[in-house]
């Protein structure tokens, strides 16, 4: 019986958890996607697996796309310089 519990717990740990986060979606160079309209960002975010997205006007990184519930595998803007400029 104890083996069954241990094996079940091990399988639970090995499957991993796919979580989402709200953040600025970023290019490989740590640069945000410039935007002017919400539909552009919503399309970009949903194509990358987010629930939705919108254009954050005059935000921390200027006019940039903000995604809601973005998967962990998609790069987000982190503190530091944008290397591609």
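Any Cβ shown, glycine's included, is placed from N, Cα and C.
According to Swiss-Prot, the features are:
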DISULFID  31-82  disulfide bond
DISULFID  35-55  disulfide bond
DISULFID  41-65  disulfide bond
DISULFID  45-67  disulfide bond
DOMAIN    21-83  domain 'LCN-type CS-alpha/beta'
SIGNAL    1-19  signal peptide
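Distribution of Swiss-Prot features across the structure.
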residue	record	Cβ contacts under 8 Å, 6 or more apart
35	disulfide bond	41, 55, 63, 64, 65
45	disulfide bond	25, 51, 52, 53, 65, 67, 68, 70
82	disulfide bond	29, 30, 31, 32
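On the 0 to 100 pLDDT scale, the model's mean across the domain 'LCN-type CS-alpha/beta' (21-83) is 97. Within 10 Å of the C-beta atom of residue 41 (disulfide bond) sit 25 other C-beta atoms, taking all shown protein chains into account. For the disulfide-bonded residues 31, 55, 67, the ranking by surrounding Cβ atoms (within 10 Å, all protein chains) places 67 first. Taking H, G and I as helix, E and B as strand and the rest as coil, DSSP gives the domain 'LCN-type CS-alpha/beta' (21-83) the counts 10 helix, 27 strand, 26 coil.
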